[in-house]
Every structure is written in C-alpha cells, then in structure tokens.
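Q: So TrEMBL has the following annotated:
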DOMAIN    340-584  domain 'COPA/B second beta-propeller'
DOMAIN    609-767  domain 'COPA/B TPR'
DOMAIN    815-1217  domain 'Coatomer alpha subunit C-terminal'
REPEAT    47-88  repeat 'WD'
REPEAT    89-130  repeat 'WD'
REPEAT    131-164  repeat 'WD'
REPEAT    200-241  repeat 'WD'
REPEAT    244-285  repeat 'WD'
Amino acid sequence: MLTKFETKSNRVKGLSFHTKRPWILASLHSGVIQLWDYRMGTLIDRFDEHDGPVRGVHFHKSQPLFVSGGDDYKIKVWNYKLHRCLFTLFGHLDYIRTVQFHHEYPWIVSASDDQTIRIWNWQSRTLMSVLTGHNHYVMCASFHPKEDLVVSASLDQTVRVWDIGALRKKTSSPADDILRLSQMNTDFFGGVDAVVKYVLEGHDRGVNWASFHPTLPLIVSGADDRQVKLWRMNDTKAWEVDTLRGHMNNVSCVFFHARQDVIVSNSEDKSIRVWDATKRTGIQTFRREHDRFWILTAHPEMNLLAAGHDSGMIVFKLERERPAFSVSGDCLYYVKDRFLRLYEFSTQKDAQVIPIRRPGSAALNQGPRTLSYSPTENAVLICSDVDGGSYELYIVPRDSIGRGDTVQDAKRGVGGSAVFVARNRFAVLEKSSNQVLVKNLKNEIVKKSVLPVAADAIFYAGTGNLLCRAEDRVVVFDLQQRLVLGELQTSFIRYVVWSNDMENVALLSKHTIIIASKKLEHRCTLHETIRVKSGAWDDNGVFIYTTLNHIKYCLPNGDNGIIRTLDVPVYITKVSQNTVYCLDRDGKNLAVAIDATEYVFKLSLLKKRFDQVMSMIRSSELCGQAMIAYLQQKGFPEVALHFVKDERTRFNLALESGNIQIAVASAKEIDKKDHWYRLGVEALRQGNAGIVEYAYQRTKNFERLSFLYLVTGNIDKLSKMLKIAEVKNDVMGQFHNALYLGDIRERVKILENAGHLPLAYITAAVHGLHDIAERLAADLGDNVPSLPEGKSHSLLIPPSPIMCGGDWPLLRVMKGIFEGGLDNVGRNAQEEDEEAADADWGEDLDIVDGENMQNGDIGMVLEDGEVHEENEEGGWDLEDLELPPELDTPKTSSHARSSVFIAPTPGMPVNLIWTQRSSLAAEHAAAGNFDTAMRLLSRQLGIRNFAPLKPLFFDLHMGSHTYLRALSSSPVISVAVERGWSESSSPNVRGPPALVFKFSQLEEKLKAGYRATTAGKFTEALRIFLSILHTIPLIVVESRREVDEVKELIIIVKEYALGLQMEVKRREVKDDPVRQQELAAYFTHCNLQLPHLRLALLNAMTVCYKARNLNTAANFARRLLETNPTNENHAKTARQVLQAAERNMTDASPLNYDFRNPFVVCGATYIPIYRGQKDVSCPFCSSRFVPSQEGQLCTVCDLAVIGSDASGLLCSPSQIR
C-alpha cells in the first residue's frame, strides 16, 4: 500500500472523491463533513449542519454539489462553491446509511434504517420512488454505473437488485398522447416504478455492503458472517459464484477495483484485504493497530482508494504507476504491459521489442521499478521488488525490434538495485553485506567492492562510478580506485537525473530538488509543497521537472517558476527545445509543447548574454508583474523599464536605474507633488541642476528653489525669488532670500515692515547705514537698543560657490546595450523632452497663481506701483522670469552617452597581486597586509608575540614602495618596487616585492655576535643573536640549499641565545653559589664554536674549583685539555686543577648536574632534561622545555608558543612549487 495522505479526526463513516479536483469528502461520526485537498494535505472547508453522525456523502459528477445523509433523518444537498446547504430532503423515518447521485439523471438514491430505499429528484426536490421489500435496516444502496439497476444490502441477510427502468421512462417526457395517458393512469392508480429483479440469499448474517462490477454482470457483497461473496447475474436470474474467507470480523465495505482485476474489502477486524477477482484468493492484507475500518471508496478516474476508520482516514494506492524507463540518445526504452518497448523521439515511432516474464506471485507492486540500458551491447537490466529485490538481464537481438515476439530466457539475480557502470559491466547492490558486485553480461561476478556508506540503492554516476544513497546522504563512489569522489547531506533521495554532459546532477526527493555538480558540490536546493515526480535537463542546462500538477523549471542559480499546469501527473523522459517528452501512468508517450521564453530569458540575464535578452525583448511578449519584479530584484531595472506601460511603475523603475529622461516624461504624465519631489532628489544626486529646478518649480517649492540658487550661485534668480516672496507676502521667505543675497537694505526694510524696529535699527547701525539708523532711532524714541561694547562685527554675506550654475560634468561612457537598442520610449518621448527644454517654463508654470496669493492678482500688485523701480526695466512680469531651460543636461548627456570614450577600468593594485600569489609572510608584510602576514606566521611557526616584529614589518612595507610627488594639489603617488626588476621585463607581469632583509646581512650579524661573545660583552651579543632570530621569519631566499642554511642558522643562534641567557642569569645570582656552578656547567653543554666552548669550560672550571667542588672541576679541566687549547696559560691552569683534584676527588656541595647522562637544558627553568624524560619544544627555534611550560611564550626566541602546532618555516618560493 502506498499511502498518499492521512488524516486524524473523529470516526469516518462516509467518503467521496471529487472527479476532477484533488479533493475528498469525509463525513464523521461527530456530525461534521470535512473537505480535504489530499494533494496539498490541507483542510479546505468543513460543513456542520447535521445533528448526529453523518454516514453517507457523495460528490456530484459535474455540478459543484454534494449530498449527505445523517442520523437526523435528513438528506442535505450542498453547494461547495457557495459554502452552504441548498436544501434538505425529508421523508426517511430512521438513520440514513448511504446517499448517491445518479451519473446521468438528477436523482439521488438513499438507504435507511426505516427498511426503505428512496429515489429523489434533486432538481425538483421531490421524492420519486420508495423501494420497499427489505425487512431490516438497509445498509447501502447504489446505482449501476451503466444500466437501470440499483443494488441494496440489508441486515435481513439479503442483497436485492432492483430494476428502475420504469423510472427512467417516467422521467423522459412521452412522445405521443397515448403514452402520456397511460402514464397518467399509472400515476393515478399507483403504478410500480421499481421492481425487485433478484433477491440474493446466501449470507448467514446481516449484509453490510454490496456493489456492482463497473463492466461485468457481477456483484460483490460483504456481511457480518465475515465473508465476501461473489455473485453473477444474467437477464433472468442471479447466483452465487464463490466465497472469499479471511476476515476475522464483520466486513464493512467491499467493491471491485475499476482498473485492476481485484476486489478490495475492509472490516472491523482493523484490516483492508485485496483479493484476486479471477483466482478468488487473497493477495495482500494491510492492518492497523487500533482502528476498525468502516468505509471504502475509489476515485472515479484515478488509481486512488480511500478508507475511513475509527480515528481518521487514509488515501492510498495499491500499486505504483511510474513506468520503468531509460533514455539513451534519441531512444527511450520502457516497460508497458509485460513488454519492453522502444520509442524514438525524432520520428515518434513506438515499437514492441521483447516480452518480459511475469512475476510468479500475484502479490502487488511486483512490476519493474527501474530500467538500465547499455547502448553498445544492446542490453537491458530490469529491477523489481520480486523476492525482496531482484534483477533480470536481457540482451535485445538487433533484428527483433518491431516484432517483439521472441521470448528470451533472462539472466536473473537477487540484489537491491542493478545498473550498468560500463559497456559490458553492471553493478548489483547486495544489501546484506553492504557491497557492490560488479558482473559481466554472462552474469558472473568480476569484482566486489565494499561501499563507504550503508547504501540502500545505487544509481549510475558516469563510467565506473556509482551514486550510493544512504538514509541522510548521497555519495559518489569510484569502483576502480575504491574512492569517495564526493558526498552531500540530503533528505531521502528517490530519483537521480544527470545532465547531458554529466557535469550536473539533480537529486529528487519527495518534496525537494537538490542541484549539485558531478563531485556533489551543492549548487542549490528547491522546496515544493506538493510531490515532485520527475525531471530532465534541457540543452541550455536548465532543469525541467514535474510535480503532481505542474511542469516547472529550475535555473542554475536556484530561481524557479511554472511553465504550465498538468491535468494528470506525467514522467518527463527528455526535453528538446520547446517540447517535453513524457510518459503518462498508462505508459503512453506524450510530446507536450511548452513556452520556454520565460526561463530562456532569465537564463540569458543570468549568463549576461545581453544580445539574446535584447532580441527576446524585441520579439516576444514578456510581460507581467512577476517578470518586472524579477528584473528589479536581479538588478536590471533598466530592462524592466522596457516592458512597462503603467506610468507610476515606469517612474519608479526610471529612478532606480537613474534614467532621468524617462522619469521626467512619467512625472509629467502623473503630475503628483511627491513624484516631482522624488524626481528632484534623484536629479540632485546626479547633479542635474536644470531638472532639480524644474521639479521644484512644478511643486512650487520656493524654499528649496532659493537654496538651490544659493548653492549654484545664481544671484539673478535669487533676487527674482525675493520678489516672488514679496508678492506672496511670505515674510520669512523674503528675509531668507535677502540673507542669501547679502542685501542689507532689503533686510532692514523687511524687519521694519514686519514691525521689528529694534532688530531693523541694530541691523542698520551694525552695517553702517547711518541715515536709516537715525530715522529708526527717532521712531523708537527711548527704546533704542544699545549695541554691545568691545565686540567687532563681521559682514554676514554667503560665500560664493566654487562652481557657479550649470550641471555637474558627466563622464562620457558608451551607451549600455539596453539603452541603445531599447528606447521603447522612442523618439516621441525624447522630442517632447527637447521641446520642454526649449520652451520658457514661465508660461505653463504660473508660480504665482491666484488662489495662493493673499494680495489677489499679480496684476493688481504691479498696478499699485509697489515695485516701481523695476518697472522702468520692463517689470518682473512672469513672462520675464526666464529660469533656465528645463532639460539642458539630458541633451548633453544623451550626446555624451553615444560618444566613444569608455572610462578605463582600474587594474588590480600591485599589493593585491603580491598577496594573492604568495604564501610567504615577508611578501604579505611588504604589501602592507600585516594581518595576513601575522596569520601566516602564526600558522607556519606558531608565533603569537608580534611586538618584536612590528618595526620589521614597517621596514619591509616602506622598503618595498617608493613615493613620487606629482603636483602640489594632488596626493603623493606610491610606486611598488619589485625584486629582480629589469628594463627588459614585461610591464604586464608583476614580480615579487623587493625586501630590505637579506640572508647575507644575517651572516654579517652572526660574525658580530661571535666577536661580542669572545670579548665577553654578553648582553650585547645576546641582543645581536635575538635580532637574528627575529629577522629569520621575514627572510626570503631563492634556492632549496639556502633554505637549509636558514634552518641551520636558527639552530646555531638558538644555542648561543640560550647559553648567553644562562650566563647573564649566572651573573645575577651572586648569593647562590650552587646555582652559579650549575648554570656555568650547563653553558658548557650548549653547541658553541670551539673558542667559545674553551672559554665556557675555563669559566665553569674556575667557578667549581673556588666552591671546592673538585671532582666536577676536574671534569671540566679534562674536557678543556681535550680541545687542545691554543692559549698555553689555559692549559697550564687546567693541569694544575687536575693535579689538585686527584688528591681529593670530592664535591663540597651536590649539584643538579650529571655529566655522564646526556641532557638538554630547559630554556625557561634552566634545568637539565635528561634523555628519556618528556619535554616540549618551541615550533620556531626548537628550544626544549619541561612539559609544564606548554602553552607559554618561548623564553629563548620570545616569539612562538611552546608546544603549539605549526607547519614549519616557509622562506622560499621553491618550497611551494
């Protein structure tokens, strides 16, 4: 059983499928009727007008109606579109068990516990006939699908078949008068509409269900005697054929399957049983744990069944309907009706190839599941679930195509799944041992491979490769090398579809599609709400797939959409241009035409094939909100602009793409204040002052206009704005404009007119307008304000703008592909703009319109002579207000755009090239990328303390750049200095950076360190050796030999640094003679040059002799004499010490020093670590430490962390090659 949908609810007593839509009605014991979409798994509606359980429910075949009957004795007819009950039929006197619409006539048949069956006309809403005869509850009644018969089952242990032919005649209007007369008589004297044709007796208990076979004269019934009986009838009689036994409790419901030769029954024994109708044997049983079954129904047109039980219902299929198929080039091999068939896509020819054997058992789901084809050998592998999973291998004779009659004996084998992996090799999954058996065409095992994951299926993944499916992942496995080539976490995968070039794969699970590369690198994931059924790749690399009701596409970036809807599910086999080839559930080949425009367009955008995009825009009707939204979302508003007719959308898109011309045209059409304002903002952003001005004028936004004139330095316009403010009696506007103009007299006049005499007086007095100040002082009398003492005043005049007037200069660039070829705004819009640009905007603007003026008409103001001075020059009539042409810039920019200059694209900075090419820390530091240099040093040498390296980083960076002064006003230009540059080298090839630190410098420093050590300047020598250690991480050498020399140098310098640190420490601990002797002794075990070793031995010998540790002193004297000292005094002293010690070979104080046992000295605690004891080391200088020091900073080099993981010194490009 393949469960498609399941609900949890009260006990389900009635079920009905809709003929066309994926809907099912369930009537519950609680009185509610539920309407479910079983495809989406959602509850669409619920109807609850019945009082008490609803036992029967049925959809009408074609009308938006369903009927229900309940324990409240009512039959209700509902309209599901109106969500309400249309009417109720009364008449039954007890519970109604079943209701059903007639397939042709407007009739409803109902069965009831009142022992009657009633037939109603739902159009006239009347009772047509009452069928009496049963003498107990009638449990069900149904119409025959074709003939005028009704079958009913009753608890009186009988099944009755009724003839309702008379009812049909009665309904169709009689042709002549005599017939009409006889009908009147029948009605008048109570004629009989329905007569019992047969009474079928044979059950020992009450019969719960009976139903007709859809085509044959058979009836099946189920009863409380736990038996299912099969009856046959002819024109005159009916008889029992057979009894099917197996149910353990009352049989609730039983019927013939419309498509398969089986009977399905369910029972209160909590099982559904499937029986073979010809052999009359049980095939399969499905059980539930706790729920008794009450009702079964079948979909009128599809292979779906539904069963209602105590806690809900299930929608299920008995067998899967997906045909097994395999595509090879132009051919499709598939299995249909026990034959292997071949379909050619190009010619659409379909031929039978060879017959395939039937499975031995009659069980369900034993048909072929998958098919694999080897084109060179013409061999076919067919896998099925027979025997828990098995395969059959057929070699197709070349000449048999079309005849398809030669029965072959196939080579068989057991295995989870089998696929061809090479020309004449196929792989079989053996689940028990989790291994793959590779076999040849003789079915002999050639090789075995254990799989890397617990696989339950294998799929082809290219020659010699398998894609193995586990519960939560898929793996690509190479059978030759036995390697995992790729792995991906996924939900449970059902099907695998490879692209034609085998570069991409689509993994299909129940509700998701995962697109990945051939190495299973994840590209994208798609989620669908309803089940994904199949898919194929088209020639462009777009994945076309089907769900239960759509054909859809998926682009490489994960964008998807619907291509078309489907009436029935299909399985795609191949996609070729605008045709999708597919198989339906009956195994028929279909070629479905699709419109690929949308996804080809999106793909062209995605791949930046703009020439294709252009031609598609010109030729096809790609429109709709979805496409506009898509283009906007993907950052192509200028393309979307060419689809759009709606002015508001055009305006928004034009602003988004910065196309001021189109925005102006749309703003004129819309003519709304907020649109002009937004246009002004965008034009200001682009520096298009002309359009900004025009937009502010259209909205009469005088404050913004004044400010615009101020910042563009347009004094003439500002003075005109001052007069407009005066005419409009806008005092603040006047004052602002006077302030912007720096016109003192005007400001005083405005303040005086507004009644602010003290302010007017101060303004006049401060600015030296004494005549006006005196006049105002006289007006003020005693209230003359005093000016502050001792303050110097400065003149408040706005600064002159750097660039006066005009638009910003625009960069000349080539027209974009979309602007040039696509001006669907066309010439007209441009001409309109140019016209507007040439016109004087005073005419159509009417800045000072009557209703906005407090002083009435402007003409009156001028007549009053208030602005007399100006009138001599021709007045400031609005015709004179010659503000600039609207669209200067669009003109210039449109010329500029078509010019040929393209702004050069900036190249990659040299320091970026250096860091991308190199893994050497020194080169990253030279490029100025200090963070990556530090990260590299941390990874390679475990360095954590970068303080000592900071000045070196700066030196490297400064040393690899030189700086040129260009012009006094421009910044300094930095030029990268490259290592090994010569005039003959190519200017396009960048060399590595020149570095200030060289290996030769370190050798010089080493000699200086030796000299300081010889001279006994230990602090100075230690400083030199540490500076060498700090420089080594930033050294770059060329050859492998030099790399070894650098590593050798680290060891030499480390030994000296450690020894000198101990010697410096020894000189500090004067009050601890034992510790002094130990440190002097350890110093002699550092790996020093011979002269320095002699000095260290002499020093240790002297210290120990003075402390009366004669035995230890004698050891140092012996070692000193072994070095053949060149200084005779040293040798003499050593001999004397030996003679003195031989008399008394004792030590006064014991030391932590055993010269016989080899040791190294801990760089932090200065104690010996003898051979065999645990230690940790510094990853950079390799000094050794006691384990407790792990994780601390190395005390010898002061750079790295002791015991940290590091990959090792990287100081030459030769190490990377």
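In case you wondered, yes, glycine gets a Cβ from its N, Cα and C as well.
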Q: How does the repeat 'WD' (131-164) divide up by DSSP, counting helix, then strand, then coil residues?
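A: With helix first, then strand, then coil, the repeat 'WD' (131-164) has 0 helix, 20 strand, 14 coil.
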Q: List, by number or range, the same-chain residues at least 6 past the repeat 'WD' (89-130) whose CB is under 8 A from its CB atoms?
A: 14, 53, 55-61, 65, 67-71, 73-77, 136-143, 145, 150, 152, 154, 162, 164, 167-168, 170-171, 193-194
Q: How does the repeat 'WD' (200-241) divide up by DSSP, counting helix, then strand, then coil residues?
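A: With helix first, then strand, then coil, the repeat 'WD' (200-241) has 0 helix, 25 strand, 17 coil.
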Q: Just give the helix, strand and coil counts over the repeat 'WD' (89-130), going by DSSP.
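A: Looking at the repeat 'WD' (89-130) with DSSP, the answer is 0 helix, 24 strand, 18 coil.
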Q: Based on DSSP, tally up the residues of the repeat 'WD' (47-88) by helix, strand and coil.
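A: Here the numbers are 0 helix, 23 strand, 19 coil.
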Q: Can you name the far-off residues of the same chain, 6+ from the ends of the repeat 'WD' (200-241), with a Cβ under 8 Å from a Cβ of it?
A: 136-137, 139-140, 142, 144-146, 149, 151-161, 247-256, 258, 263, 265, 267, 269, 275, 277, 280
Q: Reported in the order helix, strand, coil, what are the DSSP residue counts of the repeat 'WD' (244-285)?
A: 0 helix, 25 strand, 17 coil
